[in-house]
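*Asks:* A single structure is presented below for examination.
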Amino acid sequence: MIGQWHISRLQNPDTGAVIEEGNSYKSCDIFGYKTQGCRRALCIAGYILSCGALRLLFYWKPEWHVWISCIQCSLEEADIVLLRTTDDFRTYSRKTYFCLLCCLHCCPCLVFQVKTIQVQKIRYVWNVYAKQFQKIGVLEDHYTCSAIHDKFGSGLTCNEQNVRRVICGPNTIDVPVIPIWKLLIKEVLNPFYVFQLFSVCLWFAEDYMEYANAIIFMSLLSIFLTVYDLRKQSIKLHRLVESHNNVMVTVCRNKEGFQELESHHLVPGDMLILKEGKTLLPCDAILVSGQCTVNESMLTGESIPVTKIHLPRADNFQPWRVYCAEDYRKHVLLCGTEVIQTKADDRGVVKAVVLRTGFNTAKGDLVRSILYPKPMNFKLYRDALRFLMCLIAFAAIGMIYTVCVFALNGVREVVKKALDVITIAVPPALPAALTTGVIYTQQRLKKKGIFCISPQRINMCGQLNLVCFDKTGTLTEDGLDLWGLLPSERSCFQDIYSFPADHGLPWSPVFKALAVCHSLIVWEDKIQGDPLDMKMFEATNWVIDDSSGHQNAGQGPTHATVVRPGLKATTAPVEGITILHQFPFSSALQRMSVIAQEIGGDPQAFIKGAPETVATLCRAETVPSNFESKLLLYTAQGFRVIGLACKSLQAGKLPAALTREEVESDLTFLGLLIMENRLKRETKPVLEELTAARIRSVMVTGDNIQTAITVAKNAGMIAPTHRVILVEANKEPGSFSASVTWKSLQENKIEDCRSLVRIRLALGSGQYHFAMSGKSYQIVAQHFRHLLPKLLLNGTVFARMSPSQKSSLVEEFQKLDYFVGMCGDGANDCGALKVAHAGISLSEQEASVASPFTSRTPSIACVPELIREGRAALVTSFCMFKYMALYSIIQYLGVLLLYWQLNAFGNYQFLFQDLAITTVIGVTMSFTRAYPKLVPYRPPSQLTSPPLLLSVVLNILFSLSMQIFGFVVVQEQPWYSKTNIHSACLSVNNHERNSSSSLGLHGVRDGAQEQIDNGFKSYENTTVWLLSTINCLIVALVFSKGKPFRQPIYTNYVFMLVLTVQLGICLFLVFADIDDLYSKMDVSIAIQVLLNPLFALQEAVIENRPLWLLLKKTFRYRSKSHYKRLQQVLEQDPAWPPLNETFFSDSVAVTVEGNMGGHSNPTFDSSEDSL
């Protein structure tokens, strides 16, 4: 039986195998290793000799530990495996095997051992026959529909259940509250805090107590705040899943009947009995009998009840998911959702077969996405690490210089001085400084009703240049208003019935369709369901009588819904209509249908859905000849149009026995229901603002393509002067080839030569937009892969898109090097929200946990707000980085200059620069708010950009020049003395005053003054320290950029006040004791003051955007972005875009169906993709 468990795929079982994590949080290479005793002993000796430093290094780098202490071997022989992610990060993790012992009740003496590993909460077992790891906890995927009914319809035997329980583990989503001591240790062992600990120990050794204590205080505060936040999140997540593990369920045991047990005992294949009343589902399950209505808001963000129907008992050889295709979701009950209503069929009870347990379920998948978020590869953080390495290299050079200078002069404590250079060149507060702007931005966003669960993505929002929008509920109002009903009789459209009207709808087949063709239920004494269904049913003025004992001829009692005329309804010749069976709406089929029966009458089928789809299912003689022109007339005006049809059924045949194909064929066309979906008030201004900022807007919707195009035009996505090219792709029947056609959508059908010339000129200037359906998108992705990037470059409207296609579209845009945002509010958007660089959910349901950003206000006005704040945060991060780097280098250069004379800054001098200057500036510089206007270009995204590097290099050279100049000039003064620091004084009184003031100025500690006066007190020391301190202030002011991404620096009142006070203190230290000594020192300070404007001037020149654009144009710089390079190529291609042409594919199709949703919504694809 073990050989049947199949989820993951492994390549080469010895080395380099691949574990594909069903939902593909990460796919991993896996390598086997075997522990060697002698190597392990050497490692232990290394731990002891290094005082634990080697063990700490192995904690940070587990792969090094495995490589040193183990030898590589096959996975079958291994006792340790090393996993390596296949993403850009190539992160390693170490896993140890653990063994499970299983015995069979039929033969207790037969015990077999199973080797397992656990990766991100998912258990894998080693298949000794297939020589590969296989994920377990999921029902085998090869079963057909009939096999599921036959094999599991009566439940598992006790023996089968026990074996599966041992192998699969308990059905729990166990997220324990992490103990505080574990969180504390993990945080303290962060490399950042370890480096701070090293720095503090060194400072204590040098009696640099004050700053060391300040760093200890700030570090402890940071650690405690982080631990508190992590503990709070851990408790919140634990409470979210706590209820899942404590549910009592009823299962059916083969030959033993029904049993009550706790949900953690469930295993895949168990038969679950669903009773009446509300039930929280503790697992994923396939409904095999009856019908359920469930609330999936926890997973989808939509509180609309969803109807689930049982798996058909089809006799075929296809696996059940392949047979059901897109409709398989309608048979699957998801863990964490609430069953609010059950309806038994003629078989008596509602049954479901357990499909997935534990973390394999939809809810477990959602929890795993929180526990193991997808890492974002952002250039800023990558470049920051590289720059940190450069600073470490500078520190190494400084250490060598220090050792040489002090050793050659016979000075003791060379090691201490050399190590001190590291703490100066590499500021311990640099990583914290980079996150300061993000923290303040997160707080500002929270005040504006935008909540963020992934702060590192805030900086990425500053780079967004394309935003995908859902239509309904995002760009347009959530609800729909009935506009009109266009009935059809005898294959002709009748007069339109407009809403609202003084008189009710007349009794007719189309009236019956409005009354019964829906999935509404009565829940908590209110009619609830899809807004479209609600509006449609309300127009009839009928009511729902949700009875539970309807009797049909030839059937037992079944739970059925009955609709009856209300008090305000028009006269009807029937007492009511019973809804016997329902085929729920399918986004793949684009329709829904019901089987209904007038009380005392014959059964009928009613269908509603996309008009094009419904028309193809109707008998041709019932469809009006002007159907397409009428449909185009209303969709072109932006209306949402629904097609209606019906069919009479044979009496006496059980509704549950009818297949969907039988019901939805040979229909009679009834007419078109026309609904109005108004734009939200904020939509057009927001899209205009994004367009002005050169941020592309793309519509991704499940609605009709004509409606979507009209809404895009009304919203301003498509300018009135721009052309729309409809891209239609079709598969050739009976072959593997396909065709794609480009058609220009025209308001007027008649075109003369002049208009064609104008169209070609418009196309040549890039004033065109592609529109395509989800079907065409998938065919192009399969058969015309080379055309897809070209289509996406000007693709603006994507209609009839499935959830997986939305996710795939976002990923395709990302492959073109776009920074993609996604804004949506419904279940269909969850997968795309996850995979986008910045997903913005307009729903406050628990499903919003899948989205990095959630807006309290259901309006797209949050999008430009988030981009503004993201740009400001990104610029703030760059400003902080440049300042912290320059501050450390300025101090580093000053110290190395003084080391040449065996001199150094005093502790209070360091303290003033580190604490009073840099720390305060680091806290207040980020207070500057975002600039209210979005400019048509983005801030730089990488630290290696030429303007930024040039800025840093020039400022370093300026600082070095000033310090060397001051160092040399002061030595050339006539009053200069290397041994007598009071040689410039004129009197004894001045000598005493200057001596006393120098103590504070140069940081001499009380006591031991005699020993170190000549070590710290010198003209060079005073000059270099004052110049470097004032230089830090000037750099802080120059680097604090304002417009165009942040408000002007003078609006940051706290920062300006801090700089003014700090500069005042520096000037006070310079001029407090005005005598010849200080007047003669004015030479250096005056030159510093005169050259300070050069800092601002060179920064203004370096940050001059037009200058850099001119340089790029002069040197013919080509952008590295894929979409920009492609754009340049297409601009030179006179044949693009093709118009009124058809291309045919010659090559074999690329299989992408199983990969359309690269990162999917748990409710729709996610963990189900692993089947």
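Every residue, even glycine, has its Cβ placed from backbone N, Cα and C.
Quick paste from TrEMBL:
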type	residues	note
DOMAIN	135-208	domain 'Cation-transporting P-type ATPase N-terminal'
TRANSMEM	211-230	transmembrane segment
TRANSMEM	384-409	transmembrane segment
TRANSMEM	421-440	transmembrane segment
TRANSMEM	884-902	transmembrane segment
TRANSMEM	908-927	transmembrane segment
TRANSMEM	948-970	transmembrane segment
TRANSMEM	1023-1040	transmembrane segment
TRANSMEM	1052-1071	transmembrane segment
*Asks:* Counting Cβ pairs under 8 Å to the transmembrane segment (908-927), which of 384-409, 948-970, 1023-1040, 1052-1071 comes out on top?
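*Replies:* The listed stretch sharing the most Cβ pairs with the transmembrane segment (908-927) is 1052-1071.
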*Asks:* Honestly, do the transmembrane segment (1023-1040) and the transmembrane segment (884-902) touch, with at least three Cβ pairs under 8 Å and pairs 6 or more apart in sequence?
*Replies:* yes
*Asks:* Averaging the per-residue pLDDT over the domain 'Cation-transporting P-type ATPase N-terminal' (135-208), what integer do you get?
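*Replies:* For the domain 'Cation-transporting P-type ATPase N-terminal' (135-208), the model's average pLDDT rounds to 85.
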*Asks:* Sequence-remote contacts (6 or more beyond its ends) of the transmembrane segment (384-409), Cβ cut-off under 8 Å?
*Replies:* 417-419, 421-422, 424-426, 430-431, 434, 881, 885, 888-889, 892, 896, 899-900, 902, 943-944
*Asks:* DSSP on the domain 'Cation-transporting P-type ATPase N-terminal' (135-208): how many residues come out helix, how many strand, how many coil?
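*Replies:* Helix, strand, coil within the domain 'Cation-transporting P-type ATPase N-terminal' (135-208): 43 helix, 2 strand, 29 coil.
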*Asks:* Can you name the far-off residues of the same chain, 6+ from the ends of the transmembrane segment (211-230), with a Cβ under 8 Å from a Cβ of it?
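*Replies:* Here the qualifying positions are 178, 180, 183-184, 187-188, 193, 196, 199-200, 203-204, 428, 432, 907, 910-911, 914-915, 919.
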